[in-house]
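What follows is a set of notes on a single structure, which appears directly below.
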Amino acid sequence: MSVMVARKKVVRKWEKLPGRNTFCCDGRIMMARQKGIFYLTLFLILGTCALFFAFECRYLAVQLSPAIPVFAAVLFLFAMATLLRTSFSDPGVIPRALPDEAAFIEMEIEATNGTVPQGQRPPPRIKNFQINNQIVKLKYCYTCKIFRPPRASHCSICDNCVERFDHHCPWVGNCVGKRNYRYFYLFILSLSLLTIYIFTFNIVYVALKSLKIGFLNTLKETPGTYPSMSLTVLTVLEVLICFFTLWSVVGLTGFHTFLVALNQTTNEDIKGSWTGKNRVQNPYSHGNIVKNCCEVLCGPLPPSVLDRRGILQQEESTAQEGSCPRGPGTQEPPTTQGPGQAQEGGMKQQDGSIPPPSAVPAPSLSDAEMPEEKQRTPGELPVPPPDAGRAEH
(Lines of atoms letter the chains of each structure in order from A and count residues from 1; the text may use other names and numbers.)
(Lines give C-alpha, C1' and ligand atoms only; values in the text may rest on other atoms or scores of the structure.)
Protein backbone atom coordinates (compact mmCIF):
# COMPACT_ATOMS: atom_id res chain seq x y z
CA MET A 1 0.00 0.00 0.00
CA SER A 2 1.16 3.56 -0.63
CA VAL A 3 1.47 6.04 2.21
CA MET A 4 1.65 9.84 1.73
CA VAL A 5 4.44 11.29 3.84
CA ALA A 6 4.65 15.09 4.33
CA ARG A 7 8.17 16.47 4.44
CA LYS A 8 9.05 20.07 5.24
CA LYS A 9 11.74 21.65 3.10
CA VAL A 10 13.43 24.71 4.60
CA VAL A 11 13.58 27.56 2.09
CA ARG A 12 15.31 30.86 2.78
CA LYS A 13 13.70 34.15 1.78
CA TRP A 14 16.59 35.11 -0.50
CA GLU A 15 15.65 32.20 -2.77
CA LYS A 16 12.26 33.82 -3.47
CA LEU A 17 13.33 37.46 -3.73
CA PRO A 18 12.55 39.09 -7.08
CA GLY A 19 15.08 41.17 -8.97
CA ARG A 20 18.32 40.42 -10.79
CA ASN A 21 20.68 39.72 -7.92
CA THR A 22 23.07 36.89 -7.14
CA PHE A 23 23.28 35.41 -3.66
CA CYS A 24 26.11 33.33 -2.23
CA CYS A 25 26.93 31.74 1.14
CA ASP A 26 23.27 31.04 1.93
CA GLY A 27 22.20 34.63 1.29
CA ARG A 28 24.99 36.34 3.23
CA ILE A 29 26.54 37.77 0.04
CA MET A 30 24.41 39.84 -2.31
CA MET A 31 25.67 41.14 -5.66
CA ALA A 32 24.43 42.04 -9.11
CA ARG A 33 24.37 39.36 -11.79
CA GLN A 34 26.81 41.26 -14.01
CA LYS A 35 30.09 40.70 -12.18
CA GLY A 36 32.62 40.59 -15.05
CA ILE A 37 34.00 44.08 -14.46
CA PHE A 38 34.22 43.40 -10.72
CA TYR A 39 36.62 40.54 -11.43
CA LEU A 40 38.65 42.91 -13.61
CA THR A 41 38.86 45.33 -10.68
CA LEU A 42 40.17 42.58 -8.43
CA PHE A 43 42.72 41.53 -11.07
CA LEU A 44 44.07 45.05 -11.56
CA ILE A 45 44.42 45.76 -7.84
CA LEU A 46 45.89 42.40 -6.91
CA GLY A 47 48.20 42.27 -9.93
CA THR A 48 49.62 45.76 -9.49
CA CYS A 49 50.17 45.36 -5.76
CA ALA A 50 51.72 41.91 -6.20
CA LEU A 51 54.31 43.29 -8.65
CA PHE A 52 55.05 46.22 -6.35
CA PHE A 53 55.53 44.02 -3.25
CA ALA A 54 57.57 41.43 -5.17
CA PHE A 55 60.14 43.75 -6.77
CA GLU A 56 60.19 47.43 -5.82
CA CYS A 57 59.30 47.08 -2.13
CA ARG A 58 62.27 44.87 -1.30
CA TYR A 59 64.75 47.32 -2.79
CA LEU A 60 63.05 50.40 -1.26
CA ALA A 61 62.86 48.81 2.19
CA VAL A 62 66.62 48.30 2.19
CA GLN A 63 67.64 51.58 0.59
CA LEU A 64 65.11 53.97 2.17
CA SER A 65 62.93 52.62 4.99
CA PRO A 66 61.18 49.38 5.98
CA ALA A 67 58.05 51.44 6.67
CA ILE A 68 57.41 51.75 2.91
CA PRO A 69 56.07 48.19 2.40
CA VAL A 70 54.25 48.32 5.75
CA PHE A 71 52.29 51.45 4.82
CA ALA A 72 51.58 50.03 1.36
CA ALA A 73 50.24 46.84 2.94
CA VAL A 74 47.92 48.82 5.22
CA LEU A 75 46.50 50.78 2.27
CA PHE A 76 46.09 47.60 0.25
CA LEU A 77 44.22 45.72 3.00
CA PHE A 78 41.96 48.69 3.73
CA ALA A 79 41.11 49.12 0.04
CA MET A 80 40.32 45.42 -0.37
CA ALA A 81 38.19 45.33 2.79
CA THR A 82 36.08 48.32 1.72
CA LEU A 83 35.75 46.94 -1.82
CA LEU A 84 34.42 43.60 -0.61
CA ARG A 85 32.14 45.30 1.90
CA THR A 86 30.67 47.44 -0.86
CA SER A 87 30.29 44.58 -3.31
CA PHE A 88 28.88 41.90 -0.99
CA SER A 89 26.34 43.92 1.00
CA ASP A 90 22.73 44.98 0.56
CA PRO A 91 22.80 48.56 -0.79
CA GLY A 92 19.37 49.30 0.71
CA VAL A 93 16.92 47.36 -1.46
CA ILE A 94 13.29 48.13 -0.68
CA PRO A 95 10.97 45.06 -0.63
CA ARG A 96 8.23 44.93 -3.20
CA ALA A 97 4.61 45.19 -2.16
CA LEU A 98 2.72 41.99 -1.41
CA PRO A 99 -0.28 41.20 -3.66
CA ASP A 100 -2.75 42.41 -1.04
CA GLU A 101 -0.79 45.61 -0.45
CA ALA A 102 -0.46 46.25 -4.19
CA ALA A 103 -4.20 45.77 -4.68
CA PHE A 104 -4.96 48.17 -1.83
CA ILE A 105 -2.61 50.82 -3.27
CA GLU A 106 -4.22 50.43 -6.69
CA MET A 107 -7.66 50.91 -5.15
CA GLU A 108 -6.47 54.08 -3.41
CA ILE A 109 -5.04 55.45 -6.65
CA GLU A 110 -8.22 54.69 -8.58
CA ALA A 111 -10.33 56.29 -5.87
CA THR A 112 -8.16 59.42 -5.94
CA ASN A 113 -7.80 59.85 -9.71
CA GLY A 114 -11.12 58.38 -10.75
CA THR A 115 -11.74 56.44 -13.93
CA VAL A 116 -9.73 57.54 -16.93
CA PRO A 117 -11.51 57.41 -20.31
CA GLN A 118 -10.00 55.20 -22.97
CA GLY A 119 -7.42 56.88 -25.13
CA GLN A 120 -6.37 59.32 -22.43
CA ARG A 121 -3.13 59.05 -20.53
CA PRO A 122 -3.63 58.49 -16.78
CA PRO A 123 -2.26 61.18 -14.49
CA PRO A 124 1.17 60.56 -12.91
CA ARG A 125 1.10 58.67 -9.67
CA ILE A 126 2.78 61.07 -7.27
CA LYS A 127 2.46 61.82 -3.58
CA ASN A 128 3.67 65.02 -1.98
CA PHE A 129 5.86 64.77 1.09
CA GLN A 130 7.17 67.65 3.17
CA ILE A 131 10.82 67.69 4.33
CA ASN A 132 12.28 70.73 6.10
CA ASN A 133 9.36 72.91 4.99
CA GLN A 134 9.85 71.86 1.39
CA ILE A 135 7.63 69.69 -0.78
CA VAL A 136 9.26 66.53 -2.14
CA LYS A 137 7.46 64.30 -4.65
CA LEU A 138 7.26 60.57 -4.04
CA LYS A 139 6.95 58.66 -7.31
CA TYR A 140 5.12 55.38 -7.79
CA CYS A 141 7.12 52.39 -9.01
CA TYR A 142 5.12 50.26 -11.43
CA THR A 143 7.47 47.31 -10.96
CA CYS A 144 7.66 47.20 -7.16
CA LYS A 145 4.07 48.50 -6.72
CA ILE A 146 5.10 51.02 -4.05
CA PHE A 147 5.52 54.74 -3.61
CA ARG A 148 9.29 55.09 -3.39
CA PRO A 149 10.68 56.83 -0.28
CA PRO A 150 12.50 60.15 -0.72
CA ARG A 151 15.78 59.87 -2.67
CA ALA A 152 15.02 56.28 -3.68
CA SER A 153 15.14 55.16 -7.30
CA HIS A 154 14.66 51.95 -9.30
CA CYS A 155 17.84 50.39 -10.67
CA SER A 156 17.18 49.02 -14.16
CA ILE A 157 20.19 46.65 -13.96
CA CYS A 158 19.34 45.01 -10.61
CA ASP A 159 15.57 45.56 -11.05
CA ASN A 160 15.14 46.80 -7.48
CA CYS A 161 14.21 50.03 -5.76
CA VAL A 162 17.20 51.20 -3.70
CA GLU A 163 16.95 53.65 -0.81
CA ARG A 164 19.07 56.78 -1.27
CA PHE A 165 20.14 55.47 -4.65
CA ASP A 166 23.45 56.94 -5.81
CA HIS A 167 24.32 54.89 -8.91
CA HIS A 168 24.99 51.38 -10.13
CA CYS A 169 28.75 50.78 -10.20
CA PRO A 170 29.87 47.87 -12.42
CA TRP A 171 33.44 48.18 -11.04
CA VAL A 172 32.23 46.97 -7.64
CA GLY A 173 29.50 44.72 -9.07
CA ASN A 174 26.67 46.22 -7.04
CA CYS A 175 24.40 49.22 -6.58
CA VAL A 176 25.62 52.04 -4.36
CA GLY A 177 22.93 53.16 -1.96
CA LYS A 178 22.20 54.10 1.60
CA ARG A 179 23.72 51.01 3.25
CA ASN A 180 27.04 50.85 1.37
CA TYR A 181 27.76 54.38 0.14
CA ARG A 182 30.24 55.15 2.94
CA TYR A 183 32.19 51.98 2.16
CA PHE A 184 32.21 52.87 -1.53
CA TYR A 185 33.58 56.33 -0.73
CA LEU A 186 36.25 54.89 1.57
CA PHE A 187 37.17 52.38 -1.13
CA ILE A 188 37.79 54.94 -3.86
CA LEU A 189 39.58 57.20 -1.35
CA SER A 190 41.94 54.44 -0.18
CA LEU A 191 42.43 53.22 -3.75
CA SER A 192 43.41 56.73 -4.81
CA LEU A 193 45.99 56.94 -2.02
CA LEU A 194 47.31 53.46 -2.87
CA THR A 195 47.60 54.35 -6.56
CA ILE A 196 49.47 57.59 -5.83
CA TYR A 197 51.70 55.74 -3.38
CA ILE A 198 52.67 52.97 -5.84
CA PHE A 199 53.07 55.43 -8.74
CA THR A 200 55.36 57.68 -6.69
CA PHE A 201 57.61 54.91 -5.39
CA ASN A 202 57.89 53.31 -8.80
CA ILE A 203 59.42 56.55 -10.04
CA VAL A 204 61.63 56.70 -6.93
CA TYR A 205 62.80 53.15 -7.60
CA VAL A 206 63.81 53.93 -11.19
CA ALA A 207 65.55 57.14 -10.04
CA LEU A 208 67.59 55.36 -7.36
CA LYS A 209 68.59 52.61 -9.74
CA SER A 210 69.58 55.11 -12.40
CA LEU A 211 71.84 56.99 -9.97
CA LYS A 212 73.75 53.81 -9.19
CA ILE A 213 74.03 51.93 -12.47
CA GLY A 214 72.71 54.40 -15.00
CA PHE A 215 69.34 54.71 -16.69
CA LEU A 216 70.14 52.42 -19.64
CA ASN A 217 71.48 49.70 -17.38
CA THR A 218 68.40 50.00 -15.25
CA LEU A 219 66.26 49.38 -18.30
CA LYS A 220 68.29 46.30 -19.18
CA GLU A 221 68.38 44.86 -15.67
CA THR A 222 66.53 41.62 -15.06
CA PRO A 223 65.54 40.00 -11.76
CA GLY A 224 67.54 36.98 -10.70
CA THR A 225 64.54 34.71 -10.35
CA TYR A 226 63.09 35.67 -13.76
CA PRO A 227 66.06 36.28 -16.12
CA SER A 228 63.91 36.36 -19.24
CA MET A 229 61.78 39.22 -17.92
CA SER A 230 63.09 42.76 -17.75
CA LEU A 231 62.35 44.90 -14.72
CA THR A 232 61.58 47.69 -17.13
CA VAL A 233 58.58 45.83 -18.50
CA LEU A 234 57.20 45.23 -15.02
CA THR A 235 57.83 48.76 -13.84
CA VAL A 236 56.38 50.33 -16.98
CA LEU A 237 53.32 48.09 -16.63
CA GLU A 238 52.77 49.27 -13.08
CA VAL A 239 53.32 52.90 -14.02
CA LEU A 240 50.81 52.69 -16.88
CA ILE A 241 48.14 51.08 -14.70
CA CYS A 242 48.67 53.64 -11.94
CA PHE A 243 48.73 56.54 -14.41
CA PHE A 244 45.36 55.70 -15.96
CA THR A 245 43.92 54.86 -12.56
CA LEU A 246 44.94 58.27 -11.27
CA TRP A 247 42.83 60.07 -13.86
CA SER A 248 39.73 58.00 -13.17
CA VAL A 249 39.81 57.04 -9.49
CA VAL A 250 41.30 60.26 -8.14
CA GLY A 251 38.85 62.29 -10.22
CA LEU A 252 35.97 60.13 -9.02
CA THR A 253 37.09 60.59 -5.42
CA GLY A 254 37.11 64.35 -5.84
CA PHE A 255 33.62 64.31 -7.36
CA HIS A 256 32.17 62.23 -4.52
CA THR A 257 33.92 64.39 -1.95
CA PHE A 258 32.03 67.32 -3.45
CA LEU A 259 28.75 65.38 -3.25
CA VAL A 260 29.37 64.35 0.37
CA ALA A 261 30.05 67.97 1.33
CA LEU A 262 26.67 68.94 -0.15
CA ASN A 263 24.83 65.82 1.08
CA GLN A 264 23.81 65.02 -2.47
CA THR A 265 23.74 61.84 -4.58
CA THR A 266 25.04 61.18 -8.07
CA ASN A 267 21.51 60.49 -9.26
CA GLU A 268 20.30 63.87 -7.96
CA ASP A 269 23.30 65.65 -9.50
CA ILE A 270 22.74 64.09 -12.93
CA LYS A 271 19.02 64.86 -12.91
CA GLY A 272 19.62 68.37 -11.55
CA SER A 273 17.09 67.89 -8.79
CA TRP A 274 18.33 70.84 -6.73
CA THR A 275 19.98 72.96 -9.41
CA GLY A 276 17.35 72.95 -12.14
CA LYS A 277 15.14 75.70 -13.47
CA ASN A 278 13.16 75.88 -10.25
CA ARG A 279 16.33 76.52 -8.21
CA VAL A 280 14.97 74.39 -5.39
CA GLN A 281 17.29 74.12 -2.42
CA ASN A 282 18.45 70.73 -1.24
CA PRO A 283 16.22 69.91 1.77
CA TYR A 284 18.69 67.27 3.02
CA SER A 285 21.66 69.60 3.32
CA HIS A 286 22.43 71.06 6.75
CA GLY A 287 24.18 74.05 5.23
CA ASN A 288 27.41 72.97 6.93
CA ILE A 289 30.10 70.82 5.30
CA VAL A 290 31.10 69.16 8.58
CA LYS A 291 27.51 68.20 9.44
CA ASN A 292 26.90 66.84 5.96
CA CYS A 293 30.06 64.73 6.05
CA CYS A 294 29.20 63.40 9.51
CA GLU A 295 25.69 62.42 8.44
CA VAL A 296 26.81 60.64 5.24
CA LEU A 297 29.98 58.96 6.53
CA CYS A 298 29.46 58.63 10.28
CA GLY A 299 25.71 58.41 10.77
CA PRO A 300 24.00 55.23 12.02
CA LEU A 301 23.82 52.49 9.42
CA PRO A 302 20.21 51.30 8.91
CA PRO A 303 19.62 47.54 9.04
CA SER A 304 18.62 45.58 5.99
CA VAL A 305 14.86 45.21 5.56
CA LEU A 306 15.07 42.20 3.23
CA ASP A 307 15.64 39.55 5.94
CA ARG A 308 17.49 37.48 3.34
CA ARG A 309 18.14 34.54 5.65
CA GLY A 310 14.62 34.33 7.06
CA ILE A 311 13.02 30.89 6.83
CA LEU A 312 10.10 29.92 4.64
CA GLN A 313 8.74 26.39 5.07
CA GLN A 314 7.15 24.53 2.19
CA GLU A 315 5.51 21.14 2.57
CA GLU A 316 6.22 18.46 0.00
CA SER A 317 4.16 15.24 -0.04
CA THR A 318 5.88 12.08 -1.26
CA ALA A 319 4.32 8.65 -1.74
CA GLN A 320 5.99 5.64 -0.19
CA GLU A 321 5.00 2.01 -0.71
CA GLY A 322 5.07 -0.56 2.11
CA SER A 323 2.97 -2.42 4.66
CA CYS A 324 2.10 -1.05 8.05
CA PRO A 325 4.13 -2.90 10.71
CA ARG A 326 2.35 -4.53 13.63
CA GLY A 327 3.69 -5.41 17.02
CA PRO A 328 4.03 -9.04 18.13
CA GLY A 329 1.06 -8.86 20.51
CA THR A 330 -1.37 -7.11 18.19
CA GLN A 331 -4.33 -8.93 16.71
CA GLU A 332 -6.19 -8.17 13.57
CA PRO A 333 -9.57 -6.53 14.13
CA PRO A 334 -12.62 -8.77 13.57
CA THR A 335 -14.12 -8.62 10.13
CA THR A 336 -17.73 -8.88 11.37
CA GLN A 337 -19.38 -7.44 14.40
CA GLY A 338 -22.45 -8.56 16.19
CA PRO A 339 -25.23 -6.18 17.06
CA GLY A 340 -24.02 -5.95 20.61
CA GLN A 341 -20.48 -5.18 19.57
CA ALA A 342 -21.58 -2.50 17.14
CA GLN A 343 -23.70 -0.84 19.82
CA GLU A 344 -20.92 -1.07 22.36
CA GLY A 345 -18.48 0.52 19.93
CA GLY A 346 -20.93 3.33 19.28
CA MET A 347 -21.37 4.01 23.01
CA LYS A 348 -17.75 4.98 23.59
CA GLN A 349 -17.32 8.47 24.81
CA GLN A 350 -15.29 11.14 23.06
CA ASP A 351 -12.28 10.57 25.31
CA GLY A 352 -12.13 6.90 24.29
CA SER A 353 -13.47 5.47 27.58
CA ILE A 354 -16.54 3.26 27.87
CA PRO A 355 -19.43 4.70 29.90
CA PRO A 356 -20.41 2.94 33.13
CA PRO A 357 -22.77 -0.05 32.94
CA SER A 358 -25.71 1.94 34.33
CA ALA A 359 -25.53 4.28 31.37
CA VAL A 360 -25.43 1.47 28.79
CA PRO A 361 -28.93 0.31 27.77
CA ALA A 362 -29.44 -3.42 27.73
CA PRO A 363 -29.67 -4.89 24.27
CA SER A 364 -33.20 -5.84 23.20
CA LEU A 365 -33.85 -9.49 22.50
CA SER A 366 -36.03 -10.71 19.73
CA ASP A 367 -38.89 -13.08 20.35
CA ALA A 368 -36.79 -15.98 19.16
CA GLU A 369 -34.14 -15.23 21.69
CA MET A 370 -36.55 -14.86 24.65
CA PRO A 371 -37.05 -17.71 27.08
CA GLU A 372 -40.13 -19.83 26.58
CA GLU A 373 -42.01 -18.41 29.54
CA LYS A 374 -41.53 -14.86 28.18
CA GLN A 375 -42.45 -15.49 24.55
CA ARG A 376 -45.80 -14.10 23.43
CA THR A 377 -48.12 -14.65 20.58
CA PRO A 378 -48.64 -12.04 17.92
CA GLY A 379 -51.27 -9.60 19.15
CA GLU A 380 -50.71 -10.36 22.80
CA LEU A 381 -49.79 -7.38 24.88
CA PRO A 382 -46.71 -7.60 27.00
CA VAL A 383 -47.40 -8.38 30.63
CA PRO A 384 -45.68 -6.02 33.01
CA PRO A 385 -43.58 -7.55 35.72
CA PRO A 386 -45.17 -7.87 39.14
CA ASP A 387 -42.85 -5.31 40.70
CA ALA A 388 -43.64 -2.60 38.15
CA GLY A 389 -46.46 -1.07 40.14
CA ARG A 390 -44.37 -1.03 43.29
CA ALA A 391 -41.58 0.74 41.52
CA GLU A 392 -43.99 3.44 40.41
CA HIS A 393 -45.26 3.92 44.00
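Each residue, glycine too, has its Cβ placed from N, Cα and C.
Because TrEMBL annotations are produced automatically, they should be read as predictions rather than curated entries.
These come from TrEMBL:
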COMPBIAS  327-346  compositional bias 'Low complexity'
DOMAIN    137-271  domain 'Palmitoyltransferase DHHC'
REGION    315-393  region 'Disordered'
TRANSMEM  37-55  transmembrane segment
TRANSMEM  67-84  transmembrane segment
TRANSMEM  183-208  transmembrane segment
TRANSMEM  228-250  transmembrane segment
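Same-chain residues lying 6 or more positions outside the transmembrane segment (37-55) and placing a CB less than 8 Å from one of its CB atoms are 31, 69, 72-73, 76, 79-80, 83, 87, 170-173, 191, 194, 198, 201-202, 223, 231, 234-235, 237-238, 241-242, 245.
Across the domain 'Palmitoyltransferase DHHC' (137-271), the prediction's mean pLDDT works out to 84.
Residue counts for the domain 'Palmitoyltransferase DHHC' (137-271) under DSSP, helix first, then strand, then coil, are 77 helix, 19 strand, 39 coil.
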